[in-house]
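Peer 1: My structure is below; once you've seen it, I'll send some questions.
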Amino acid sequence: MNNVKIIGTGSYAPDRIIKNIDLSKIVDTNDEWISTRTGIKERRITEGENTSFLSTKAALQAIKNADIDPLDIDLIVVGTASPDSFIPSTACLVQAEIGAENATCFDISAACTGFVYALNIGTQFIKTGQCKTALVIGAEVLSKIVDWSDRSTCVLFGDGAGAAILQKSEDNGILSIYTGSDGRNAAKLLGCSAVPVNNPFINTINEQNSLVTMSGKDIFRFGTKIVPKCIEEVLKNQDCKVQDIKYIVPHQANMRIIDSAAKRLDIDSNKFYINLDKYGNTSAASIPIALDEMNKDGLLKKGDKIILVGFGGGLTFGSALIEWMIN
Ligand code: UT7
């Protein structure tokens, strides 16, 4: 099996900042409720750019950071719950924009765990020798599927994209990955329908909209249990403990979920990198945006061990134990 490491990261969020007070003009909410219940202060919302546009911007930054030629990329995987279209995939649209003619491209649907799943796919393709250089992206334009009349969800989400380049390597930078899913009651807990079944040979047309619905309390409970479990699982059979981890990069859903996970693991909340105050919950994009910020801000040194941990609709969950290899 080949070793794999991250050689570059990138991210992009739309310019338009929507603060909590702006939302109080649309639904019955206020800054105090949103801040204290979630930690979110503002989010970025697109003014028309779609998911492939955000993905492309993040990808180009990651390519520059990794100092590679787009023609070196032989796999593009985009984790997204809000693609531009059913067909073509967001990954194919990105491929065309960045000129990665040698890549095989596809999207995966794992909601907020999308980036961890995409990272896992890229890692396995490289480990088995199927490819050498993979571009993995988490990207969302959730603002187009959010119900802007539902205060219990619309205040939570934001738009953005993050990317990482994985490459075959001498050193082992992806130490372990843990993933799982639980499809029971999934759509009731957190869902967003596609198009209804409709054809000339049936009488019933199902009425349905395509907006996000969520049972916040259930997902909250799930998050508080699954984040510590994912961290414990990814450390199993590894010669390091949670205390040896420099940073945990969690899915940025709710500060209270992160505080609860820190308590359960008996570690300081400061070990968790947080930027949800600035971006809200950007689903599959939240982890790679955070990772890129940390990379740009020089928080990560070669040899640091970090854990990425995501959870969300599906239900899906996963974590990755990474040794940082960029100098
Ligand atoms: O990325 C996918 C994963 N998603 C998540 O991780 C989300 C997990 N869930 C959560 O983060 C939290 O459950 C929420 C932030 C969504 C909600 O927080 P909560 O503490 O569970 O509040 P709640 O749903 O129990 O609502 C408490 C009250 C209710 O009013 P009453 O019934 O007590 O009078 C809600 O109607 O807060 C009300 N409420 C709001 N008030 C002002 C709900 N949304 C709002 C709002 N502004 N935006």
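Any Cβ shown, glycine's included, is placed from N, Cα and C.
The domain 'Beta-ketoacyl-[acyl-carrier-protein] synthase III N-terminal' annotation in TrEMBL covers 106-183. Annotated active site per TrEMBL: C112, H251, N281, in sequence order. As annotated by TrEMBL, domain 'Beta-ketoacyl-[acyl-carrier-protein] synthase III C-terminal' applies to 235-324. Per TrEMBL, the feature region 'ACP-binding' maps to 252-256.
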Peer 1: Distance between C112 (active site) and H251 (active site) at the Cα atoms, whole Å?
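Peer 2: Taking the Cα atoms only, C112 (active site) lies 7 Å from H251 (active site).
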Peer 1: What counts of helix, strand and coil residues does DSSP assign across the domain 'Beta-ketoacyl-[acyl-carrier-protein] synthase III C-terminal' (235-324)?
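Peer 2: Secondary-structure breakdown of the domain 'Beta-ketoacyl-[acyl-carrier-protein] synthase III C-terminal' (235-324): 36 helix, 22 strand, 32 coil.
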Peer 1: List the residues of the same chain that sit at least 6 positions away from N281 (active site) in sequence and have their Cβ under 8 Å from its Cβ, in sequence order, or write 'none'.
Peer 2: I40, C112, L142, L156, F157, G158, H251, Q252, A253, N254
Peer 1: When the domain 'Beta-ketoacyl-[acyl-carrier-protein] synthase III N-terminal' (106-183) is classified with DSSP, how many of its residues are helical, how many are strand and how many are coil?
Peer 2: 24 helix, 30 strand, 24 coil
Peer 1: Would you mind checking how many other C-beta atoms are within 10 angstroms of the C-beta on C112 (active site)?
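Peer 2: Summing over all protein chains shown, C112 (active site) has 32 other Cβ atoms within 10 Å.
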Peer 1: Looking only at the domain 'Beta-ketoacyl-[acyl-carrier-protein] synthase III C-terminal' (235-324), what is the model's average confidence as pLDDT?
Peer 2: 97
